[in-house]
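Okay, these came from Swiss-Prot:
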BINDING   HIS220, HIS222, HIS287, ASP309  Zn(2+) 1 binding site
BINDING   ASP224, HIS225, ASP309, HIS536  Zn(2+) 2 binding site
BINDING   HIS510, THR511, SER512, GLY513, HIS514  substrate binding site
COMPBIAS  55-91  compositional bias 'Low complexity'
COMPBIAS  100-118  compositional bias 'Low complexity'
REGION    1-130  region 'Disordered'
Amino acid sequence: MNDSRNRGRKVTRKAGPPEAGQENHLDTPVFQAPDASSNQSAVKAETAGNDNRDAAQGAQGSQDSQGSQNAQGSQNRESGNNNRNRSNNNRRGGRGRRGSGNANEGANNNSGNQNRQGGNRGNRGGGRRNVVKSMQGADLTQRLPEPPKAPANGLRIYALGGISEIGRNMTVFEYNNRLLIVDCGVLFPSSGEPGVDLILPDFGPIEDHLHRVDALVVTHGHEDHIGAIPWLLKLRNDIPILASRFTLALIAAKCKEHRQRPKLIEVNEQSNEDRGPFNIRFWAVNHSIPDCLGLAIKTPAGLVIHTGDIKLDQTPPDGRPTDLPALSRFGDEGVDLMLCDSTNATTPGVSGSEADVAPTLKRLVGDAKQRVILASFASNVYRVQAAVDAAVASNRKVAFNGRSMIRNMEIAEKLGYLKAPRGTIISMDDASRMAPHKVMLITTGTQGEPMAALSRMARREHRQITVRDGDLIILSSSLVPGNEEAVFGVINMLAQIGATVVTGRDAKVHTSGHGYSGELLFLYNAARPKNAMPVHGEWRHLRANKELAISTGVNRDNVVLAQNGVVVDMVNGRAQVVGQIPVGNLYVDGVTMGDIDADILADRTSLGEGGLISITAVIDNRTGRLLERPTVQTSGFSEDAKSMMGEVTELSETTMNDLAAEGENDPYRMVQQLRRKLSRFVEQKWKRQPVIMPTVIPMTAETTHIGDDEVRASRESL
C-alpha cells in the first residue's frame, strides 16, 4: 500500500454515544446479561433462524476440523471465522458497520444472488443470544449465551482477534469497568476475500466504551500486533500506548502515514506501570524482532502472565534471551492465569537459534558468483544483520528493496539495532549500476505477494533489477500456510530464468521466531500457573498447547480453550468461560473500513469465478407483457458460452411471457422469478454460478425507447 492510499482511508463511523437507556450510567459494564424476556425472544428468533439457515452458514472451519458441529445462530454469527485454510464455501463473514441490518439485502438487491446468506446486524448484539460452542476444558457441546454482568472484583478477558487464528491479535482485560488492551494487529486476507486489503479486529464490542480504556500495551512490532493501531486511534486518538523503543518507532512510522500523532510511552523489561486498576510489569522476551516484551498484569483479582510471541533462543544475536528467571519469580509470587503463545505447539523439540543461520548465509554468499538476492520478513532485523555481515565478508554492497524493508531498516539503523560499515548500504539505483558479483539485495516478497519486489523480479517487471542466469536467490523465511501456490509460482519463475533458489528445505537459512513444544514446557514449568489459556494459534495449535499445560501440572479443568469473543472471568483464582459476545471481521477496502460483509464477498467471488449475466426486460406497466425482446449481456464468459446466450434470451422471454399470462405485472416479483430460473438453467447447462442481474422496467405501451438513465433508475428502485 502506498502512502497516499493509506492516508486516504477513513473510518466509516466513529465511536457512538452510549447505548439507549445508558446515557446517565457511564460506569455500567461493557456487557450485561439480557433479561429473561429478551432471552426468550432471542431463543425464538434463533430457532427460527436455524430453521431457515442456508447450509453454508453452518460451516465453521476450526470446529469442523475438530469433528464438532457448528451450533451458531445464523442471525448473528459469521461462518468460518476460525481457520485460515478455508474454501470459497467456508469463508468468514464480515461484520457490517453501518448500524443497520442487511439480512434482507439478498431479496431487496436486484443484482444480488438468489440464495445468499443474510444476517449481519451491525456491531451491537443488543438482546440477542449468541449461541456457540464452549471451548472450556473438554466440553465442546455447551452452548454459550451472552455473558452476565462482569463480576465485582473479578477480571474479565476476551479477544477481539487472534485466538483460533494467527493474526489481528487484540485481547481486552476488564476490571471494575476499566479496560486494558494488549496488542492491536491486522490479518492479511486470503484468496477467499477478494478486494480486501486488511482484516482488523472487531472493535464493535468496545467501541462505545473506549473512554474506559486505560492503556494499549503492545508486546512487539510485528504487523499482526501493531497494524490496526491507526484504525483504533481513529475511534479515540488519545489512548496511551505502552511499548518498547523499537516497537514505538514502528508504531510512530505507521501512524505518521495516517497523519496521526499518538500518545506513546516507552517501557522496557524493568518497567513497572500503573494504569487504572492494572499494574503492568514487563520482562524480556526473545522473538524474531528486537525489543519484545512479556507482560505480568496484576489486579486485585490475581496475576496474569501474557507471553506475547516467544521463543527460548539461548544464543540470541542481541544477547537478550527470554528472561526465564523473571518468569520463575512471577511463579513464586503466584500466577493465576497464563496466556501462552501456541504457534508452534504442535512441533516437537526446540526451535533453532538465530545464531545458527548466520554461518549458512556467510557460506552461501561467499560461494556465489553472481548477484545475491535475499528475501526476508521486513521486520526481522536479526536476519538482515546476518545477511549484511555475510555481504561485508564477501566484499559486497547491500541495497534494500521494498517499502516496508526500507522503512524498517532505516529505523533499525537509526536506533542502533542494525550496524554496517560506512558505505556498505547503498540505494537501489546505485546497485542496479554495479557489477552483479559486487551486490547483495535484501528484499520483501517471501510469501509470493504479487506486488512484492521479489515477485516483480520473477515476472521481470521490476524497474531496476533484472534477474539473470546464475543469480542466487535465498528465501530466508518460513512458508505461511495458504501461500504455497504463490511462493512456488515465484520459485518456478526464478528457476525458469536460470537463478538458483535456496529455501529452508535446502539449507539452514531460517529459524522460527516461535518456540516449539519443548520450549513451551519450560515456560509452564517456570510460571507454574493455576489456570492456562492458549492464545495466538489455530485450533490445532491451541489444543496442543492445552495438552502441554496439562502435562506440566495444570488441572485439565483449569485450561480454557477460547476463540475470538469467548468471555473468560477469573474469580477467586479460577478462570472460567461465562459466555460469548458477537465478534466478526472488519475489512479494509480502499478508503473504507467495515462496509464489506459476507454478501459482498460472495458477490465478488461469484463475479470472479462465474462471471456476470445481465438481462434487461421492458414490460407494459399494466399487463406485464414484454414490449420488446429482453436484452442479454455477459461478462467473464468464453466465446463458446457467449454463442449459447441465445438460449438465455429465449428462456428470459418465455419466463416473462408466462408470468404476464398469469397476470403478474410486479417488476420485483418478476425479477425474482427470472433470477431463479436463469440461475438454475445456467448451472445445469454450463456448470457455472454467475451473478444474475435481471432488470425489469415497467413502461407505457407508447414508450419503448429506454435510455441508460431509465435502466439505472429502475435497478435502483428495485
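Cβ atoms here come from the backbone N, Cα and C positions, even for glycine.
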With H, G and I counted as helix, E and B as strand and the rest as coil, say where DSSP puts ASP224 (Zn(2+) 2 binding site).
helix
Beyond the listed site residues HIS510, THR511, SER512, GLY513, HIS514, identify every same-chain residue whose Cβ lies within 8 Å of the center of their Cβ atoms for the substrate site.
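Going along the sequence, the neighbours appear as SER288, LYS311, ASN344, SER351, GLY352, SER478.
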Round to the nearest Å and give the CA-to-CA distance linking SER512 (substrate binding site) with HIS222 (Zn(2+) 1 binding site).
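Roughly 14 Å, rounded to the nearest whole number.
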Residues other than HIS220, HIS222, HIS287, ASP309 within 8 Å, Cβ to Cβ centroid, of the Zn(2+) 1 site?
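For the Zn(2+) 1 site, the extra neighbours are THR219, GLY221, HIS225, VAL285, SER288, ILE289, CYS292, GLY308, GLY513.
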Tell me, in order along the sequence, which binding-site residues from HIS510, THR511, GLY513 have their CA within 10 Å of ASP309 (Zn(2+) 1 binding site).
GLY513
Check the Cα-Cα distances from GLY513 (substrate binding site) to the binding-site residues HIS225, HIS287, HIS536 and tell me which is shortest.
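Given the candidates HIS225, HIS287, HIS536, the nearest one is HIS287.
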Which of the binding-site residues HIS510, THR511, HIS514 has its Cα closest in space to the Cα of HIS220 (Zn(2+) 1 binding site)?
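Closest recorded candidate to HIS220 (Zn(2+) 1 binding site) by Cα: HIS514.
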With DSSP assignments reduced to helix, strand and coil, which class does GLY513 (substrate binding site) get?
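It is coil.
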Going along the chain, which residues six or more apart from HIS222 (Zn(2+) 1 binding site) have their CB under 8 A from its CB?
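The answer is GLY185, ILE289, ASP309, SER379.
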Which one of these binding-site residues has the most other Cβ atoms within 10 Å of its own Cβ: HIS220, HIS225?
HIS225
Within 8 Å of the centroid of the Cβ atoms of ASP224, HIS225, ASP309, HIS536, which other residues of that chain place their own Cβ, given that this set defines the recorded Zn(2+) 2 site?
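In sequence order, the nearby non-listed residues are GLY162, ILE166, GLY167, ASN169, ASP183, GLY185, THR219, HIS220, HIS222, GLY308, ASP341.
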Could you tell me the C-alpha distance between HIS514 (substrate binding site) and HIS536 (Zn(2+) 2 binding site) in angstrom, no decimals?
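HIS514 (substrate binding site) and HIS536 (Zn(2+) 2 binding site) have their Cα atoms 10 Å apart.
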Around HIS514 (substrate binding site), how many other CB atoms lie within 10 A of its CB?
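Taking every protein chain into account, the count is 23.
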Measuring Cα to Cα, how far is THR511 (substrate binding site) from ASP224 (Zn(2+) 2 binding site) in Å?
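Per the Cα atoms, THR511 (substrate binding site) and ASP224 (Zn(2+) 2 binding site) stand 19 Å apart.
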In this structure, which of the binding-site residues HIS287, HIS510, HIS536 has the fewest other Cβ atoms within 10 Å of its Cβ?
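If we count Cβ atoms within 10 Å for the binding-site residues HIS287, HIS510, HIS536, the smallest count is at HIS510.
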